[in-house]
Amino acid sequence: MPTTGNYFHLHLVSDSTGETLITVARAVAAQYANVTPVEHVYPLVRSQKQLDRVLDEIEEAPGIVLFTLLEKDLVSRLEAKCQQINIPSLSIIGPVMQLFEAYLGASTAGRVGAQHVLNAEYFARIDALNYTMLHDDGQMVDGLEDADVVLVGVSRTSKTPTSIYLANRGVRTANVPLVPGIPIPHQLETLKKPLVVSLHATPERLIQVRQNRLLSMGAESGNETYVDKQSVTDEVAYARKLSARFNWVMLDVTRRSIEETAAAILKLYTDRQRQRLPE
């Protein structure tokens with residue numbers, strides 16, 4: 001493997017922001033735990049002069065080259081250079097565009113950065129983020145009916161990060177903590193429009209997460225109940241009882257990442273929206 005030590009060079013060349021490349025590259029690189037990519041990101045490469053600098057740096061530090069370029073002259077020159085110095089290169093969007101062209105029977109418009117145009121979807125995400133931040137952790141419960149999704153759960157079931165992730169997908173998300181001994185907001189009992197999802201985890205997992213949280217905060221005492229196994233088990237039972245009573249969808253997040261939890265909720269939400277469409 002052509003690496004130096006435990007790292008390799010990864011060149012990401014884009015005529016736009018490079019976000020697509022970074023996301024794809026990091027997702028793949030994460031599968032190789034024993035080697036670390038040294039990222040060289042080149043955004044907004046739209047001229048031959050800008051490409052000159054990129055090619056010089058690639059030649060100085062050879063490695064994998066991934067790109068999202070629409071200008072054919074730039075693509076041809078980049079690929080030729082990589083072939084000349086014997087390093088791999090791949091267009092991330094090229095195969096996808098070819099598939100679209102073959103199926104739709106039409107070529108692309110070739111609009112650089114078209115995916116970042118300020119459209120209705122963009123403003124929907126901004127609106128969702130604003131809503132979610134205002135309705136985090138049980139705040140402003142009078143506005144719960146305006147949510148697309150309401151997450152409930154005991155402490156450390158990842159309600160807030162999951163809410164923010166969903167908001168970034170344009171889903172207006174509120175979250176409300178479930179605490180034994182504290183009545184839930186009456187607004188939560190009568191919701192009609194939002195999908196209510198109750199996040200659950202095993203007591204063992206919750207205790208582990210909570211202990212790590214306390215350590216990070218430097219709190220060593222005074223929180224025995226927070227991590228006591230019986231107390232946490234009672235919390236979980238309380239949350240399950242409420243979920244069954246109000247017919248909330250229950251989702252086990254014990255072994256799920258934030259992304260996996262959000263993906264499961266998005267599927268539930270999408271399926272629910274589809275069922276509500278008129279025949």
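Note: Cβ is positioned from N, Cα and C throughout, glycine not excepted.
Since we're looking at a predicted model, the values are computed, not measured.
Here Swiss-Prot flags Gly153, Val154, Ser155, Arg156, Thr157, Ser158, Lys159, Thr160 as ADP binding site, drawing on sequence analysis. Ser155 (ADP binding site) carries neither a helix nor a strand DSSP state and counts as coil.
Highlighted in sequence order, Asn175, Pro177, Leu199 have their Cβ within 8 Å of the centre of the Cβ atoms of Gly153, Val154, Ser155, Arg156, Thr157, Ser158, Lys159, Thr160, the residues recorded for ADP, and are not part of that set.
Under a cutoff of 8 A between CB atoms, and with a sequence separation of 6+ in the same chain, the neighbours of Lys159 (ADP binding site) are Asp137, Leu151, Val152, Gly153, Asn175, Pro177, Leu199. In the shown protein chains, 20 other C-beta atoms lie within 10 A of the C-beta of Ser158 (ADP binding site).
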